[in-house]
Amino acid sequence: MIKKLIRKILGTKSKAARDANTPVVLGPEAHGIDPRLLSNNAIRVTSALQEAGYEAFVVGGAVRDLLLGVKPKDFDIATNATPEQVKRLFRRAFIIGKRFQIVHVMFGNDLLEVTTFRGTTSANAPKDEHGRVLRDNTFGSQAEDAERRDFTINAMYYNPANQQVLDYHGGIEDIRAKTLRIIGKPEERYREDPVRMLRVVRFAAKLKFSIEQETGAPIKVMAPLINNVPAARVFDEMLKLLMSGHALACLQQLRKEGLHHGLLPLLDVVLEQPMGFKFVTLALDSTDARIHAGKTVSPGFLFASLLWHQVLEKWEAYRAAGEQTIPALHLAADDVLDSQTEKLALQRKIGSDMRDIWAMQPRFERRTGKAPHKLLEHQRFRAGYDFLLLRCASGEIDAEIGEWWTAFYESDEASREDLISSASQPSGGGAGGAKRKRGPRRGGRNRSGGGRGDEGSGPDNAAPAHDGGGD
Ligand code: ATP
Ligand code: MG
């Protein structure tokens with residue numbers, strides 16, 4: 001209680017933060033980092049800088065992961081050398097960024113980001129009318145650099161040479177207590193950069209940490225500030241969130257924090273559409289599984305999945321208004337892409353991938369003549385086919401179609417012809433692949449959130465072999 005009161009009076013978050021200029025120094029036995037988790041290239045960069053007389057540390061997420069015993073996926077380096085000085089030391093080093101320059105050091109395909117210590121945000125840094133810091137590019141001391149990082153667990157420095165961790169803000173305690181605590185006054189830090197609200201959610205879900213009470217408290221109220229952040233930045237952060245290997249947990253956490261509402265049209269759609277709930281859950285599950293298996297995930301596929309049920313709804317509406325199946329699908333895709341692009345800055349490439357995947361869907365219904373062969377040659381067949389399987393698994397369409405395509409895809413030429421002739425019998429298809437044939441049969445599902453997922457079809461693509469289709 002008393003401790004809490006003192007913290008409140010001081011406006012600080014932990015013992016260490018009271019003297020934020022002097023770090024707690026931890027040796028190898030205290031922090032227990034396994035040096036084998038470090039990449040050779042990270043050591044190459046820090047030692048080259050140190051040999052040239054500069055300070056250099058591994059910093060941020062990599063130190064956090066090392067302390068958690070996890071192999072970091074990338075290494076950021078912090079130094080007191082200026083970008084020019086850094087560049088001179090490496091053969092393949094590129095200064096990037098206009099406002100605040102950082103250096104990309106490359107070894108083969110491995111990229112390390114080297115950043116000069118930043119100064120703390122000065123009171124007169126330019127801000128927008130909501131208090132978001134627009135520009136802030138001063139260099140500073142290591143202590144200042146630590147202070148402007150987001151969370152205590154992300155503000156530690158590791159020196160591979162002497163294996164010491166420098167901790168300015170009680171990060172080590174918070175790691176041990178599995179706590180996410182923002183550095184400084186939460187309201188101020190969210191106002192400076194509202195993206196930090198998304199970051200806290202991502203880290204909480206990914207690391208399974210809890211959000212310290214004062215860190216979490218302002219989020220519900222401040223969530224709308226995200227709307228003023230440039231779309232491209234929000235998009236980058238959303239992508240990180242969705243590709244974190246914990247996408248589903250992240251989205252659930254966003255909802256818990258009240259961050260999905262009005263935050264992004266995308267999330268409103270995704271989290272509040274009863275019809276698409278099962279589909280989205282499956283899509284995110286399989287994305288998470290792919291990431292854990294070390295496979296790639298295409299952002300186009302991901303966003304195509306997240307928005308599919310919005311497309312379906314509009315597609316049906318256009319058809320009901322008399323449009324033909326295919327033009328109706330394109331109109332629906334246009335609508336959805338337009339409405340999402342505004343806020344989300346969907347890059348052109350991602351948008352066109354999404355459109356390809358959607359546009360392929362009705363073509364899976366045509367299983368006669370040359371059509372299936374042509375589709376198989378489509379550049380993005382695999383993505384379209386995976387998407388089809390998700391639609392089957394979610395119960396949106398008949399599982400039989402997915403099974404047929406799996407057989408077709410995996411067969412030799414002769415068996416393919418057999419498959420085509422077997423499919424040419426009573427098709428059961430009808431125009432418009434995504435017609436929710438079973439919809440009307442399932443009384444009441446329209447309003448029961450997520451209810452349709454409970455009907456027998458397992459999450460596995462192969463599972464709903466039977467009873468998939470309404471007759
Ligand atoms: P991940 O493992 O997801 O990459 P990370 O912590 O490394 O997590 P990055 O986005 O790579 O996240 O950022 C690197 C470091 O830069 C963070 O650890 C943090 O110290 C600092 N940082 C990043 N974004 C912000 C921000 N919005 N405000 C303050 N500090 C930030
Ligand atoms: Mg990182």
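Cβ coordinates are placed from backbone N, Cα and C, and glycine is handled just like the others.
Unlike curated entries, TrEMBL annotations are predicted automatically.
According to TrEMBL, the feature active site maps to ASP74, ASP76, ASP150. The compositional bias 'Basic residues' annotation in TrEMBL covers 434-445. Taken from TrEMBL, the feature domain 'Poly A polymerase head' covers 56-181. TrEMBL lists 209-268 with the feature domain 'tRNA nucleotidyltransferase/poly(A) polymerase RNA and SrmB- binding'. The domain 'Polymerase A arginine-rich C-terminal' annotation in TrEMBL covers 322-442. Residues or ranges marked as region 'Disordered' in TrEMBL: 417-471.
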Could you tell me the C-alpha distance between ASP150 (active site) and ASP76 (active site) in angstrom, no decimals?
15
CB within-chain contacts under 8 A for ASP76 (active site), separation at least 6:
VAL58, VAL59, GLY60, GLY61, ALA62, LEU112, GLU113, VAL114, THR115
Counting Cβ atoms within 10 Å of each candidate's own Cβ, which of the active-site residues ASP74, ASP150 comes out highest?
ASP150
Collapsed DSSP category at ASP76 (active site):
strand
May I ask you to report the DSSP-based helix, strand or coil state of ASP150 (active site)?
coil
